[in-house]
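Per TrEMBL, the features are:
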- Cys125: active site, acyl-thioester intermediate (ACT_SITE)
- His417: active site, proton acceptor (ACT_SITE)
- Cys447: active site, proton acceptor (ACT_SITE)
- 41-312: domain 'Thiolase N-terminal' (DOMAIN)
- 321-450: domain 'Thiolase C-terminal' (DOMAIN)
Amino acid sequence: MFSCKRVALQSTRLCRSATTVATPPTTTTKKGVNKPGGKDIVLIDGVRTPFAVSGTHFKNMMLYQLAQSALRGLLHRTNIEKSSVEYISFGTVVQDVQTANVAREAALAAGFPENIPAHSVTMACISSNRAITSCIGDILAGTCETAIAGGADFMSDAPIKLSRTMRSVMLSFGKAKTLQQRLVLGSKLLSLKAWTPELPAVAEFSTQESMGHSADRLAAAFRVSRQEQDDYAMRTHRLARKAADEGLLSDIVPVKVPGSATYIEQDNGIRPSTPDVMAKLKPAFVKPHGTITAGNASFLTDGASACLITTSERAKAMGWTPKAYLRDHVYISQDPKDQLLLGPAYAITRLLDRNGLTLKDIDVYEIHEAFAGQVLANLKALDSEYFCKNYLGRSTPVGTLPMDKLNLWGGSLSIGHPFGATGVRLVTTAANRLRAEGGRLALVAACAAG
C-alpha cells in the first residue's frame, strides 16, 4: 500500500507548457500548495509497459495492444474493479487509422464495461499530460469521480502514406465509368513521384524545421557545449541503470507479446557509455558542426502508460490509498521557431510564482529529456539574468535548479520516449521518488512540438 502523505507536484511544459503540483494532506511549517474550497485530486498509482526501442520487442504488436497492456497492468496493480472507473482518456501522437480512438479500443480490449466512455487526445509529447488534466477537469466539474489517464505510442509501424496522386487515382478509379476515363487516371501514375510514398513528417508544420535542428540552435544560443550534452546523457543512462538494478523502476508491468510465450519485463534502451564512445558520434541534424547526436537525443520508442485518478473522498470511500495529490498545472505556448523547446523555463516559473514557491521548495524534479541540450538550455535560462529579465519579466533569475533533485532515476534519454506515454511516466516517477526520498513537493515539466 502507498502512503497518502507523499505528494507529487506535476509540472508539464510544452512549446506550449503544462505544470501540475501535488502536496501532502496537511500544511505544516513548509510551503505547500493546498487548494482550499475545492476537491482534492489524488493519484492512486501509475504503471507503464517496458519502454522498447522501436523495431525490437514490440515490433509485431499494435498501438491499442500496448495501451491495453498498460490498462490491464494498472488494474492488477491497484486491484480495483473495472466498473469503478467512470472515464478513460489516452494521449497519443502517431495514430493508427484502424484504431483512431485508441483509448476506447484499448478499454474494450482490456475488458472494461462497454458503458465507460473513452477518448483520445493529442498534444505532441505532452499528450498524456493532457489526458491527466482532462480527467482532472472532468472530476472537478463533477462529470465523474474516478478516471484513468494514460498514453501510448508505437513507432515500429508508423503510418506511411501513398503519394497524394496515387490516393487520388485510387479514390477516383471506382467512379470511372469508361475505359477512356480509366486510362486517363492510369496515365497519372506514369511518373516516379506518383509511386513515391510519403514518410511521416519529422518537421514542424509551421516552420518546416525538425525538432533536432531546433534543439541544436537552442543549445548554441545558450552555449551548451557538446561535452556538456554528452556528460548529461551519460548521467541519465548511468542513473537509469542504477535505478533499474535497485528495483526502483517499479512502475513497469510485464507485457506478453501476442503469439509468443515471451514476457517483456525491462526497458531495453538503457545503455551506459563512455566519453570516448560518445565523442565519436557524428552530429545527427546540423552537419558537420552541430552538437546533437544519437547519443544525447532520445530514441524512437514503443510503449504505453496509465494512471488512476480520483478524489480523496472517493479514495477513502473505496479503501484506496493515494500516492500523491495533484495540485496545479499550467500550459504555455511560445514561438515555435525560436523557443520551441523553452517551454519548461516559462512553465516552471509561472507555476512556482503562482503558488508562492521557489526552486528550493521543490524536493523532486522530473523534466522530460527530449535532448540533453534542451534540458541544459532550460536550466541555464532559469539561472540567466538576461533571459529572466527580458523574457520572463523578472528583476532576478529564477535560480539554479539543483541537479541532486533532477531525474535521479534516469529520464527519456535513457528510459525511452514513446511520445504519448511519457507524461504519465513522469508523474508516476515523481510520486514514487517522493515516497522513496521522503520528499513533499515534486514538479514535472516537459517540452513538446508545436
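From the backbone N, Cα and C atoms, a Cβ is placed for every residue, glycine too.
For the domain 'Thiolase C-terminal' (321-450), the mean pLDDT of the prediction comes to 97.
The Cβ of His417 (active site, proton acceptor) has 27 other Cβ atoms within 10 Å, all protein chains considered. Its Cβ placed at the centre, Cys447 (active site, proton acceptor) has 34 other Cβ atoms within 10 Å. Counting every protein chain shown, 31 other Cβ atoms lie within 10 Å of the Cβ of the residue listed as 'active site, acyl-thioester intermediate'. Here the C-alpha separation of Cys447 (active site, proton acceptor) and His417 (active site, proton acceptor) works out to 12 Å.
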